[in-house]
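Asks: Pasting the relevant annotations from TrEMBL:
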type: DOMAIN; residues: 1-311; note: domain 'Major facilitator superfamily (MFS) profile'
type: TRANSMEM; residues: 6-27; note: transmembrane segment
type: TRANSMEM; residues: 39-58; note: transmembrane segment
type: TRANSMEM; residues: 163-183; note: transmembrane segment
type: TRANSMEM; residues: 190-210; note: transmembrane segment
type: TRANSMEM; residues: 222-245; note: transmembrane segment
type: TRANSMEM; residues: 283-305; note: transmembrane segment
Amino acid sequence: LAPDSVRGAVAVLTTFGVTFGVLLSQFMGLDWLLGTADLWHYLLSLHLVLILVSATALPTLPESPKYLYTIRGLRQRALKELSRLRGYPAEEVAHELELGEERGDTRREWGVAALLSTPSMRLPLALVCALQAGQQCSGINAVFYYSTLIFKSAGMSQTGAQYANLGAGVINFGVSAAMIPVVNSCKRRSLLHFSLILTTVTLVLLPVSMSFADAVSWMPNFSIFCVLFYVLVYGCGLGPIPYFIGSELFDVGPRAPAMAVGSVAQWIGNLTVAMTFPTLQRLWGQNCFYLFAASTAALTVFIHLKLPETFTSRQAVRASGSEKRPLSKQVTSA
């Protein structure tokens, strides 16, 4: 839906909404609001309000003009939708759809089976799945789970630890807001490298600092720093980029099934962490963070070797040809 010039910024709005929801739930979960044994279920049910708002707004949402134009062949409807989105007459935006048709592969029906059976699509699909699953396996939810305990180990009261946890949520939300203009002018690979390397280092230092919390006086404070720093660097790349990298790696035809498979990978990663983390925590304690560090380290290597730079040619980097080792060089438009 977004024009190329602001596609990255618009894509980050997804993360912006997610982090705002996390922050709002943290605030509403404070003891003096709904964070009590008697009221927590009211907090859990508040998402119904957002569901009703979304359901009400759904009829007003436009269909993707490129999908209508290149996949379904409904050209007049596509022009009408794009004209409404851009605020310009149809004749002034027609070239945008025509260019997309020239670059897109509309000669076949794309589905999951077609993606997997096409050699040139496998690496881009693997990249999308690795980033989506790797985002969840980076331990972001585990860090937030442990954060209150870490803050209390530094001498904070239960109330103080809750507010410190709220502060981590503020950082999480603030970084996502700051990334809206940043991601539109920065290279994707550079942001991911920066984020992944620093999250890996922080995930190694965090359990070390927790292990020595009783032996070294300043270690509890260092643990707090690790939590806040981890949230900061996670939001600089690993948080937002997996949500939209698929739209820059795939053309209109295979894009929808590819991103659907990526979403499945994300939920599998989320489910895996949710189901295994309590057991890992019970068996290994804070040492379970080393597994998350290993996950982000492996993702760093894979991204370094295989991910093309999509920033310089947001719509020119496509799946065809991406099956070869790309990628230390930028891809420029043809």
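Placed from the backbone N, Cα and C atoms, the Cβ positions cover glycine too.
Could you tell me the structural context for the features on the list?
Replies: Nonlocal intrachain contacts for the transmembrane segment (39-58), taken as residues 6+ away from its ends with a CB within less than 8 angstroms of a stretch CB, comprise 25, 28-29, 33.
Sequence-remote contacts of a segment are chain residues at least 6 beyond its ends whose Cβ falls under 8 Å from one of its Cβ atoms, and for the transmembrane segment (163-183) they are 8-9, 11-13, 15-16, 18-20, 22-23, 26-27, 30, 144, 147-148, 151, 156, 191, 224, 227-228, 231-232, 234-236, 239-241.
Outside the transmembrane segment (190-210) by six or more residues, the chain places 131, 138-139, 143, 150, 153, 183, 219-220, 222-223, 226-227, 229-230, 233-239, 241, 286-290, 292-293, 296-297, 299-300, 303-304, 307 with a CB less than 8 A from a CB of the stretch.
Listed by sequence, the residues of this chain that lie at least six past the ends of the transmembrane segment (222-245) yet keep a Cβ under 8 A from its Cβ atoms are 7-8, 11-12, 14-15, 19, 127-128, 131-132, 134-135, 138, 140, 143, 146-147, 150-151, 153-154, 164, 167-168, 171-172, 175-176, 179, 183, 188, 191-196, 198-199, 202-203, 205-206, 209-210, 213, 262, 266, 296, 307, 310.
Counting residues 6+ beyond its ends, the transmembrane segment (283-305) has Cβ neighbours under 8 Å at 127, 130-131, 134, 137-139, 142-143, 146, 189, 192-193, 196-197, 199-200, 203-204, 206-207, 210-211, 238, 277, 325, 327 in the same chain.
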Asks: Please work out the mean pLDDT for the residues of the domain 'Major facilitator superfamily (MFS) profile' (1-311).
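Replies: That region's mean pLDDT is 86.
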